[in-house]
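Student: One structure is given below, represented as structure tokens, and several questions about it will come after.
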Amino acid sequence: MSLVEELKTRNFSIYGQWIGVLCIILCIALGIANIFHASLVIIFSIICIVQGLVVVFVEIPFLLRICPVTERFSNFIRFFNQNWPRAAFYIGMATIQYCSLIFMTTSLLVPAVFLTITSMCYALAALKHQEFTGSSTLGGAGIARQIL
């Protein structure tokens, strides 16, 4: 199934996965950009970089197969193979980034907003009783089944 066909299915978990990929880029890039602040924002930028790296494994499942990770980390990532856990995971990460606003308003607000949008996509998929579906472009369909 091509990317366009996947997007036409109106499955919000696929939308969430693609916005999650955008979150990877935003978290890593803006985490690095904000690491040069001379305030407690540095802590949140480091957390944002780590969040981006964790989301890489959550959203691109075949990386668990090719990257050497511990069994504990692998089980942690596999826990998020349903819509509700992913929605909670993303809203939790967004909340952490929203807390950075306490110290200073920075561009870390952008990952927080996109993490919230991703969470809403997964929550909508769960509320509409849509089965969690990974994008085949990102290694979802056949490859994800072999891993799990």
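Backbone N, Cα and C atoms are what each Cβ position is placed from, and that goes for glycine too.
Copied straight from Swiss-Prot:
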- N11: N-linked glycosylation site (CARBOHYD)
- 18-38: transmembrane segment (TRANSMEM)
- 40-60: transmembrane segment (TRANSMEM)
- 84-104: transmembrane segment (TRANSMEM)
- 107-127: transmembrane segment (TRANSMEM)
Student: Measure the Cβ-based neighbour count of N11 (N-linked glycosylation site), defined as the other Cβ atoms within 10 Å of its Cβ.
Tutor: 20
Student: Which residues, given as numbers and ranges, are at least 6 beyond the ends of the transmembrane segment (40-60) yet have a Cβ under 8 Å from it?
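Tutor: Distant Cβ neighbours of the transmembrane segment (40-60) are 17, 20-21, 23-28, 30-34, 67, 69, 73, 77, 80, 86, 89, 93, 96-97, 99-100, 103-104, 106, 108, 111, 115, 138-139.
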